[in-house]
Amino acid sequence: MARKLVRKVAAVPAEVVRYLRVEATGGLILLVATAAALILANLSVTAEGYRRLTETTVGPEALHLNLTLGAWANDGLLAIFFLVAGLELKRELVSGELSSPRKAMLPLFAAVGGMAVPALVAFGVAFDAPGGGEVWPVPTATDIAFALAVLAVVASNLPSGVRVFLLSLAVVDDLGAITLIAVLYTDGIKLVPLAVSLACVAAYWLLQSRGIRFLPLYIVLGFIAWMTMHEAGVHATIAGVLLAFATRVKPRAGEKHAPALRLEHALQPLSAGVCVPVFAFFAAGISLEEDAMGAFLADRAALAVVAGLVIGKFIGVYGGSRLAVWLGAARLPSGLLWRDIAAVAFLTGCGFTVSLLMAELAFSDPAQQANVKAAVLIGSLLAALIAATVLRIRVKRRAET
């Protein structure tokens with residue numbers, strides 16, 4: 001009896017990890033974390049406690065890591081998220097859907113349109129309003145985990161090409177978001193810490209290329225690369241991306257799986273089940289009081305984000321795909337219809353995590369930052385609801401034929 005109990009208890013972590021690998025799970029946990037943040041931030045008995053929690057500082061001051069819990073979630077946990085996204089991107093570029101120029105054209109055109117048009121829409125709505133010059137990057141992002149979760153829940157029996165197209169498009173979108181973060185939100189670079197960070201990434205790459213398998217060394221190099229990138233003034237999530245690109249994708253002789261696949265497999269449950277939801281918990285706690293909603297509706301920068309996510313993303317992704325096919329640069333994958341592309345186009349409006357990060361980086365004024373965060377949540381949910389409706393109609397029609 002005791003042995004059976006021990007075996008059952010020992011199996012719990014493995015079951016949790018297996019559950020976290022299900023795409024719908026990450027989206028569900030993200031929604032729960034977001035709802036919890038909104039509730040705690042708006043109940044009179046918990047609002048002050050929630051604010052104090054987000055502003056609690058922890059970490060060694062000697063290493064310049066005495067950060068608030070919100071900053072740890074922003075700079076630390078999201079570095080793991082971007083590490084996983086970078087691993088997916090490199091795998092797609094080397095051996096996946098993006099490895100062939102012909103296959104890559106459709107998601108590439110869609111991703112470029114899906115970043116350019118929302119930015120133009122947002123800028124057009126708010127260009128002469130307060131924050132109008134800062135708002136345009138916010139609706140350019142797509143939360144790959146949440147978008148895949150919505151697809152898994154409402155349309156799991158659609159052709160696999162729908163998921164492949166969404167994943168390829170979102171991976172390219174992530175690369176664009178990473179580039180924007182690196183270019184727009186890096187001020188006063190300190191060259192010595194940056195050089196140390198890049199040296200650690202180079203050492204990590206060298207060890208990978210030699211096939212050396214010693215996990216503690218890689219963890220130390222990764223942590224130092226992240227810490228010194230943060231100290232250099234570059235957003236620390238960039239360290240996660242660089243480490244991902246330095247990870248070997250192709251297996252060596254005698255290896256069953258390459259390090260990139262093993263690392264992605266190990267970190268994906270942590271990213272989906274812990275990192276992204278915890279970030280959302282600290283980032284999404286905005287006020288929903290009547291005065292706050294009035295300020296939101298009067299803030300054109302916030303309304304620009306909603307327009308960018310719901311309208312701009314659809315026009316950009318769908319229009320970019322149509323343009324690629326019209327120019328002869330790409331063909332619609334076998335089994336996919338234009339209504340599938342339309343559904344995916346709406347789905348990419350789920351900005352959530354990365355858009356919340358962009359909002360934090362782009363706006364220093366707390367009041368306007370809260371308005372823009374509210375816009376990200378509202379726009380993402382609207383896009384998800386529209387996409388889910390279109391996908392359900394597609395599933396129903398497919399079942400009837």
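Quick reminder: no glycine exception, Cβ is built from N, Cα and C everywhere.
Annotated features, as they stand in TrEMBL:
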- 28-47: transmembrane segment (TRANSMEM)
- 67-87: transmembrane segment (TRANSMEM)
- 108-127: transmembrane segment (TRANSMEM)
- 165-185: transmembrane segment (TRANSMEM)
- 191-207: transmembrane segment (TRANSMEM)
- 219-246: transmembrane segment (TRANSMEM)
- 266-288: transmembrane segment (TRANSMEM)
- 300-321: transmembrane segment (TRANSMEM)
- 341-363: transmembrane segment (TRANSMEM)
- 375-395: transmembrane segment (TRANSMEM)
Intrachain residues whose Cβ lies under 8 Å of the transmembrane segment (341-363), provided they are six or more past its termini: 30, 34, 74, 78, 81, 110, 114, 131, 134-135, 137-143, 145-147, 150-151, 155, 162, 165-166, 169-170, 173-174, 177, 180-181, 184-185, 235, 237, 276, 279-280, 283-284, 305, 309-310, 313-318, 321, 332, 369, 372-373, 376-377, 379-380, 382-384, 386-387, 390-391, 394
Within-chain partners of the transmembrane segment (108-127) [C-beta distance under 8 Å, separation at least 6 from its ends]: 98, 133, 135-140, 142, 165, 169-170, 172-173, 176, 300-301, 303-305, 307-309, 311-313, 315-321, 323-324, 329-330, 341, 345, 348
Dominant neighbour of the transmembrane segment (266-288) in 28-47, 191-207, 300-321, 375-395, by Cβ pairs under 8 Å: 28-47
Cβ-Cβ under 8 Å with the transmembrane segment (191-207): same-chain residues at least 6 beyond its ends: 214, 217-218, 221-222, 224-226, 228-229, 231-232, 234, 239, 242-243, 246-247
